[in-house]
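Undergrad: Pasting in a structure now, in structure tokens, and then I'll have a few things to ask.
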Amino acid sequence: MEIEEIKIEREGWLRWKNIAPLREKLSQMPKVECDVELGDVIKITGNIPRSLQEQVFETAWAMRPWRKGPFDVFGTYIDSEWKSFIKYNLLEPHFDLEGKDVADIGCNNGYYMFRMLTHHPRSLTGFDPSPLFRTQFDFINHFVQSSIVYELLGVEHVPRYGKKFDVIFCLGVLYHRSDPIAMLKWLKQGLKEGGEIFLDTFYIEGEDPVALCPGKTYSKIPNVHFVPTIKALQNWCQKAGFEYFEILATKPTTFEEQRKTEWILGESLENFLDPADPKRTVEGYPAPQRVYVRLRRKR
């Protein structure tokens, strides 16, 4: 199937029975004048009637769970599961986006892309096959009115997308793929010559080039295939054709960064770790740690 056919087919996902009522709520949201602050909290403010404030809250509440954020929309504070500014602020000193074509693979509701607007990229394109996250993005962008393009596509579509990027962000995706080297090759195919990738993934401690292959779940996440040592990750990247591999940071996931709030449904990090030993998951594996790396395609 051609990429345009896939895009058309997936736009139909917005009519799924669990998504269509949310799209209807979104379609009833009026256009209003507002101010937008693209800081740690993406804040939308303005003088609106109380009835619209209530409509905003009810619409946002219906769109739970909110994984990335936070957002403040006319006083409705969307306290997302992740304090996404912690990761964004860690990466921001390392990138230059001005005048560049930028992609965010696995963009969720677009929090990082909204933040990136302050760097004046030429274009911003998000890839994520979730119609719920796309609807959350459309809700926020209804007020932000950005030119961000959001595609209901996955990383496997990047090579066929028809546009190449100067910078690609791929945060928290690699461990969900059963063939991580193939995924890294797809990302490389989406880069212009000299382009950069900012990648983060789970890792385990160790000097050997090996990877943990969890059973049914890792930290109660069902689709984690491989958790490599940093040396194994570097070898994967080399096998995918990346000669430049720079470690930017390593960091354990903390209760400050990821926690249960009323804006999500179900459990969060505190439920995923062994209560007797928070350095282990409930399955007995090493607790989640992330490594942040920069990859570069040769000119």
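Cβ coordinates come from backbone N, Cα and C, glycine included.
Okay, so Swiss-Prot annotates it like this:
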type	residues	note
BINDING	Lys68, Trp82, Lys87, Gly106, Asp128, Pro129, Ser130, Val155, Glu156, Tyr175, Arg290	carboxy-S-adenosyl-L-methionine binding site
Undergrad: Where does Lys87 (carboxy-S-adenosyl-L-methionine binding site) sit in DSSP terms: helix, strand, or coil?
TA: helix
Undergrad: Asp128, Glu156: which of these binding-site residues has the highest Cβ count within 10 Å of its own Cβ?
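TA: Sorting the candidates by Cβ neighbours within 10 Å, the top entry is Asp128.
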Undergrad: Output, ordered by sequence, the same-chain residues six or more apart from Lys87 (carboxy-S-adenosyl-L-methionine binding site) with a CB under 8 Å from its CB, or 'none'.
TA: Leu171, Asp200, Glu257
Undergrad: By the count of other Cβ atoms within 10 Å, pick out the sparsest of the binding-site residues Lys68, Arg290.
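TA: If we count Cβ atoms within 10 Å for the binding-site residues Lys68, Arg290, the smallest count is at Arg290.
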Undergrad: In sequence order, which residues at least six apart in the same chain have a CB under 8 Å from the CB of Ser130 (carboxy-S-adenosyl-L-methionine binding site)?
TA: Asn108, Leu152
Undergrad: In three-state terms from DSSP, label Arg290 (carboxy-S-adenosyl-L-methionine binding site) for me.
TA: strand
